[in-house]
């Protein structure tokens, strides 16, 4: 035990003291924020481009429409032919020309109108133009039917069916998705952690091989101890990194609140007001109580249980994958040789994430979701996506959790045993790029 | 118990490749033992088995009379052929780590490291990183780490490969001193001439089998072939060579210095040199007369060929 502790300590310190690790720890949050800012900025620039569109209106309609918007401005042509208008549009470098012919009635005008442009127009522009036509057409048809605009608007309603479980708990639309999203976040976290820190474990093994210190060390400790110490030490470094990120996020949030004097509750109410803008005054009360329900529902997610299971699935899943990473590191001489072995590891992880997002979101307890949440290589991710829905009735059956954890433990023991065998042989093999067949042979040594 | 280590019919197979085939060895206490053989003969496999890095398929190893166990790791010091150090770790920290892995306490390790660092005059390297050191410097540290826990048995795999001559001599002296203090030393090498002078006992390993072992002096005696190198000073080319060729088995001969010196090798029928020397007396000046003692390499080649 003393030796294992020594190895863990060394691996941890080696990782934490590493310059790139320190830089990444403090740079990543800045990079993340910068990335978001950059994306927002770029989207804005993209939208900021004002396109000028020529309108050649020969009809008697639409005379007051086509006012400039944030992204479009309109130039009206009068008294010239279509071809001449097209020419001048091109000469002036405008985006396109909307041609509205002179016809008997609005329906015909609309159906004969054309939009000319240099290349296929973007959908946002077309939507803008089409909406103008749609509004006009709707108004005219309403008039023909003898319905007033206010009557029409009162006809429109925002009906949503209310749902409840058999035990009478009220369900909320979209809450399944929100819960799955929370679970998805946990699952995604596990995947990222496995890929990043599994890779660290692998590189650390390769480093020991290339510096040739490995044989010195395993003449003092068992290869299995070394492998385990490496995995634990590296993941502790990872946990440290995550802790720093979470703490710094809280600190930054706190600083923001203090510096800009933002009332945190204002953020909440602001968010809850958003749907009001769409509906009408009548919707406000309903929306407020709905938000309340959503909040209640989120509070009712068994967070403690969720975090406990997160830890269990995380530890088991991470140990399984990182021991495979360690075995790969032991099998090869340099990082470029790892590609062929890495792909099969990433595959179940990606599968878990995609199956999670597509299948679990739609139906958290469907056969695919159940299957993947039992299969040990995907269960840490998929099961966590299902768990926020609760355990037992209406949630994940207890037997499924028991089976998936049991399978995970059996796989863990099996995989670690196999990986340790490959590791033990691999670390002493130099100068040969092994094939899968070689790895199989090593298992028999 | 006079043997620190006994291997009893140890076999090891990797897939279809037999790395060791019923190899038995007895390594006497307080000796320098040469484990000799070409690359791929199985030396490193045997050493790894002794270090419990891998385990034999058959056979057993006894350390100081007891079956080899995990606790014996602390009594063995091993400098592998493939040796290295963590590049980005500081020298002192790294030496402490490796010493602690061998079971030394931190404070104990510090005291001993200080002693060795001073002894090899590298005290000021403590806070340097390995990547700042030259290869020879790193090897001194590897040597220290190998011997620091005062093992009863030291195993050096290809010890002098990569050492510059000065360091090689320094290390050689240190090893001899350790032997004098009671440590048993195993040298494993394919460059037999590099350790021959140091070894008291040798074992020759070839194609996974031990083909010969024992006390080096006994082996040499047994393999002695009564071949002598002779240098004669001649007054003139007086037909002596022809005369000698008639009476003795002359293996090769040459005249040097314009015919005033005759060098030849002769194989005598027994180790009694009397008749030969008396035959020469009065006919020429014997400038030198030397028995050619077979080197370990010669013995190895002859043994392999005779099998």
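Here the Cβ of each residue, glycine as well, is placed from N, Cα and C on the backbone.
Here TrEMBL flags A:19-420 as domain 'ABC-2 type transporter transmembrane'. Positions annotated as transmembrane segment by TrEMBL: A:21-42, A:180-202, A:236-260, A:266-286, A:298-321, A:341-361, A:368-389, A:401-423.
With a cut-off of 8 Å on Cβ pairs spaced 6 or more residues apart, the transmembrane segment (A:298-321) and the transmembrane segment (A:401-423) reach 3 or more such pairs and are scored as touching. Long-range contacts of the transmembrane segment (A:21-42) within the same chain: residues 15, 237, 241, 244-245, 248-249, 252, each at least 6 residues beyond the stretch ends and with a Cβ under 8 Å from a Cβ of the stretch.
Beyond the ends of the transmembrane segment (A:341-361), by six or more residues, the same chain brings 176-177, 180-181, 183-184, 187-188, 191, 194-195, 198, 321, 324-325, 328, 331-332, 368-369, 372, 377-378, 380-382, 385-386 to within a C-beta distance below 8 angstroms of the stretch.
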